[in-house]
Amino acid sequence: MNKKFKKIVTEKKLTDAERIKENSNYLRGTITDDLKNEITNGFTGDNFSLIRFHGMYQQDDRDLRIERNEQKLEPRYAMMLRCRLPGGVIKAKKWLKIDYFASKYTLYGTIRLTNRQTFQFHGILKKNLKDVHKMLHSIGLDSLATANDVNRNVLCTSNPMESLIHQEAYEWARKISNFLLPHTKAYAEIWLDQKKIVTTEKEPILGKTYLPRKFKTTVVIPPYNDVDLYANDMNFVAITKNEKIIGFNILIGGGLSFIHGNKNTWPFLATEIGYISVENTLSIAKAIVTTQRDWGNRTDRANAKTRYTINNFGLNEFKKEIEKRANVNLKPVREYSFISRGDRFGWIKDINNNWSLTLFIQNGRIYDDNNKLFKSGLLKIANIHDGNFRITSNQNIIISEVSEKNKNKIEKIALSSGLINKSTNLRKNSMACVSFPTCPLAMAEAERMLSFFITQLENIMLKYGVEDEVIILRVSGCPNGCGRSLLAEIGLIGKSIGRYNLYIGGNRIGNRIPKIYKENITEQEILMHLKYLIKTWSNERKNKEDFGDFIVRKEFVKEVINPVYDFWS
């Protein structure tokens with residue numbers, strides 16, 4: 001361990017987030033008191049932060065802020081709740097209750113699929129919070145540990161069951177998720193009215209003050225990188241033999257968030273540290289998490305994530321500590337490769353001779369309007385489907401395990417409701433975070449602007465004869481990384497209302513960070529620059545060269561090799 005760094009950290013004052021966790025009585029705080037408080041629709045003091053451990057964020061409608069302020073009213077507070085759903089798999093019949101709650105008890109009446117393979121409700125009033133938790137509990141779900149300083153929802157390759165390996169990987173995602181869950185009974189006591197039992201509580205893995213920052217985990221089946229593993233703290237890449245997982249390559253320390261103008265923050269790709277046999281999976285997971293728990297920076301949240309811990313102590317020191325704690329020697333990484341990270345749309349037959357239908361849901365927003373009946377269409381499918389829904393890391397949904405007798409029925413519903421539609425490859429490979437009006441951190445539009453922006457970019461691609469090509473395009477309303485723009489070939493990151501930084505030069509499979517090309521420019525200025533770049537790409541690329549690879553080869557931006565040094569240079 002770097003003793004100099006340890007001394008510097010321990011001499012600094014801990015962040016207020018650490019005080020909140022220390023004093024929370026294992027995440028209870030005074031949340032129950034706030035639930036009884038009818039004077040405000042929000043949570044007060046430390047509870048504002050503590051509810052995140054229970055899977056909720058307090059938000060308000062930013063479109064209404066000025067109006068409500070003029071009326072001397074508090075902001076229209078409501079909660080966003082994120083379900084814990086390892087691997088994104090949910091029985092179709094459970095969707096019926098999810099749809100009902102969204103329609104009856106949320107302000108917006110929609111369901112949002114996320115790029116972490118789960119769903120969110122936006123606009124839940126405080127008075128309805130217990131109802132949503134009890135509804136989730138009734139169908140075997142919860143929202144524990146989907147936010148704040150814990151291991152978040154565990155991702156898993158979501159392409160349909162083409163082999164037994166897919167089911168095995170999903171089971172590992174579930175095991176890891178359950179293994180790393182908080183042990184506190186606070187969630188059940190507060191939201192499910194379970195009686196408190198007087199015991200001495202402990203958190204054997206996470207500790208009393210939990211982790212220094214959020215922590216993200218994936219289970220991956222090559223050659224598909226649909227989970228964007230390089231953006232995550234801890235990754236298990238399946239190595240198989242005779243249709244069975246025999247072990248995992250381990251990659252650690254990925255993450256994309258940074259702070260505008262703060263050169264001590266930077267994105268970083270997850271790094272290989274070795275291979276383990278499958279029986280060592282949970283012990284290695286525990287070792288990685290507890291090393292980050294103990295070594296992570298609790299004095300500066302901007303430098304508290306795993307990638308900064310590894311940078312501060314060195315990868316070799318971090319690796320040695322993992323091996324020591326797990327009592328496992330990491331072996332050399334086994335060969336693997338990736339060919340894509342997009343979803344494969346349409347029908348695919350699985351190993352049981354059933355079918356899976358992958359549907360494109362732009363930005364993951366499930367709603368009905370005059371042109372799209374996504375919400376009612378999925379509800380109709382859920383009513384007749386005996387299998388699962390699988391939410392993908394690209395914010396889409398798979399109707400899986402469809403029997404031959406139901407295939408035509410489901411296809412007719414999907415067609416009539418617009419769930420099966422003709423979209424360009426550009427649109428199908430795009431993504432945006434939620435941003436306005438509900439995200440308090442948003443600096444610029446993301447979800448609400450993306451569709452219109454893509455339409456203009458589609459026209460440019462059509463003009464230059466590349467309309468059928470794939471370009472990975474992503475938009476984030478701020479630099480926190482939720483839209484994973486910093487693993488895109490074209491990434492927009494909000495700077496202020498109507499203005500973005502334009503990043504280019506990522507690649508198709510998601511293992512190269514793009515670099516800033518233009519700063520603080522408008523949508524029209526972005527389109528002007530992209531028009532020139534796409535025209536040049538169309539005329540000068542070699543052998544069907546991908547857009548991001550062309551950008552780097554022609555040196556429109558320099559390749560980001562070590563982001564610690566060259567992300568900002």
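Backbone N, Cα and C atoms are what each Cβ position is placed from, and that goes for glycine too.
Here the structure is a predicted model, which means the values were calculated and not measured.
Summarising the annotation, Swiss-Prot assigns [4Fe-4S] cluster binding site to Cys433, Cys439, Cys478, Cys482 and lists sequence analysis as the type of evidence. Swiss-Prot lists Cys482 with the feature siroheme binding site.
Annotated features taken from Swiss-Prot, shown on the structure.
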residue: Cys433; record: [4Fe-4S] cluster binding site; DSSP class: coil
residue: Cys439; record: [4Fe-4S] cluster binding site; DSSP class: coil
residue: Cys478; record: [4Fe-4S] cluster binding site; DSSP class: coil
Let me know how many other Cβ atoms fall within 10 Å of the Cβ of Cys439 ([4Fe-4S] cluster binding site). 21
Output field, [4Fe-4S] cluster shell: CB within 8 Å of site CB centroid, site Cys433, Cys439, Cys478, Cys482 dropped: Val434, Ser435, Leu441, Ala442, Ala446, Ser476, Gly477, Asn480, Gly483
Note: in the chain of Cys482 ([4Fe-4S] cluster binding site), residues six or more apart in sequence with C-beta under 8 angstroms of its C-beta are Asn115, Cys433, Val434, Ser476
So of Cys433, Cys478, which of the binding-site residues has the fewest other Cβ atoms within 10 Å around its own Cβ? Cys478
